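What Swiss-Prot says about this one:
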| type | residues | note |
| --- | --- | --- |
| BINDING | 35-37, 41-47, 231, 261-262, 269-271 | ATP binding site |
| BINDING | 67, 212 | L-glutamine binding site |
| MOTIF | 34-44 | motif ''HIGH' region' |
| MOTIF | 268-272 | motif ''KMSKS' region' |
């Protein structure tokens, strides 16, 4: 066993420790089994970190297996995106990628075994009839009229299903368990159905496909999984998981353990609802930076380390709860504060003219890329007579609490000089167009020699050397903490979740930034270079501090 000092503690790991100590298992073998019918989201990241994290901490194995039993909704593009997301998060699966479809021949043989044992039968009830026969939570179901068909006849019918001699919906193969069971999942569940659909792995070899509950447990057993971890909605399904494995000739019997899924404030995790957002053009796609998908978080500027840290902090329990969005944002904020280089960007620019600075002069200033990490180096920032500052950083009149630029008062420019506002120029609407200032040439990197105090510091960029870029400011996608609870979840969308600024002025070094590279725009927030835009676009990742909670 690996060293345990830094391992997270939870009930699953306690169970694993007990199994290893008792000799039930010599090592651990977990798996992450997504269905390739959509893009992974932050909820899947919790399962990824749990399963791959256990393999890492216990020197065990973790498989990546695609649960590809529903070809009509699956696509090879989803397969590829899931592989990319898992690796981007920092994990690698053991051995070859697995597919449930790899086991279709074996699954068919086990279905035949159940038929031979009198534990499965071909049923011709319509969907409406089957629903009626199933009963309710308060009333037991009743047996299908096809339940007692002889095994030989069922074998022949099942072979006809495989040969495509029945239409879709005409018949299914059902497990024969107990129509009076208090657990609905045990009331003769469907284990095979007819589907004339092209499969991304097996092409047109099959026209019958096994159901998830039949496939999942057998796939686990075939791969030697020791601990099959899934979310709480599959708790009742564990009884079917165990029933299948107890009634076929497979020695390996993995243990299914359930944990609570991730519920995150101000977003949704339902694939169907996320798809609705895309289809109805509420977002720009599955990788829209407002989406909780891994692709969306990545494009917004979240790092793999921040997502792993978030999954570590929320822990693993059986208790369903709503996690504050602020916890996720705190993880990326801490990561970027520690690791992101600094840069200056003016999002709402107003021009300053420094009247006593040479009009033709371009001075190159050396500015640290990180205030606490000398190893991150320095960069050159051009300083000129005309610069831009944030419009909100200037007032004609202000009290002493306003530590920025005010008429007849001084402020320091980050990494440069102290300037003093002398007068302003306005347009016909009274909007300030230019602020005229003077500078103290003796204050580069030092305080005024006469001892006067200059308390405020603001950021700036050179007007002539700056690059113009688009900056996208993001807010919560929804305006309520639990949009999934609303009758019409789309009615809770936040109309101000995206603000696009087209005239931001950035220091020229940012022109050479790489896609997905994160920065702290000084005094503004954390931003990431967009990975899809042809022009220079920066997406806001998160603010410098959690201002949202203070306004609630």
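Heads up, the Cβ atoms here are built off N, Cα and C, so glycines get one too.
When the C-alpha distances from residue 212 (L-glutamine binding site) to the binding-site residues 35, 37, 46, 231, 270 are tabulated, the minimum falls on 35. Secondary structure at residue 231 (ATP binding site), as computed by DSSP, is strand. Rounded to a whole number, the distance between the Cα atoms of residue 67 (L-glutamine binding site) and residue 46 (ATP binding site) is 18 Å. Through the fold, the motif ''HIGH' region' (34-44) approaches residues 66-68, 70, 73-76, 78-79, 81-82, 85-86, 200, 261-262, 264, 267, 269, 271, 274-275, 286-287, 291-295, 297, 307, 310, 328 of its own chain, all at least 6 residues removed from its boundaries and within a Cβ separation under 8 Å. Remark: secondary structure over the motif ''HIGH' region' (34-44) totals 3 helix, 1 strand, 7 coil, with classes taken from DSSP. Residue counts of the motif ''KMSKS' region' (268-272) by helix, strand and coil are 2 helix, 0 strand, 3 coil (DSSP-based). Neighbour density for residue 212 (L-glutamine binding site): within 10 A of its CB lie 16 other CB atoms from the protein chains shown. Recorded residues residue 270 (ATP binding site) and residue 67 (L-glutamine binding site) have their alpha carbons 18 Å apart, per Cα-Cα distance.
Residue 67 (L-glutamine binding site) has 35 as its nearest neighbour among the binding-site residues 35, 37, 42, 44, going by CA to CA distance.
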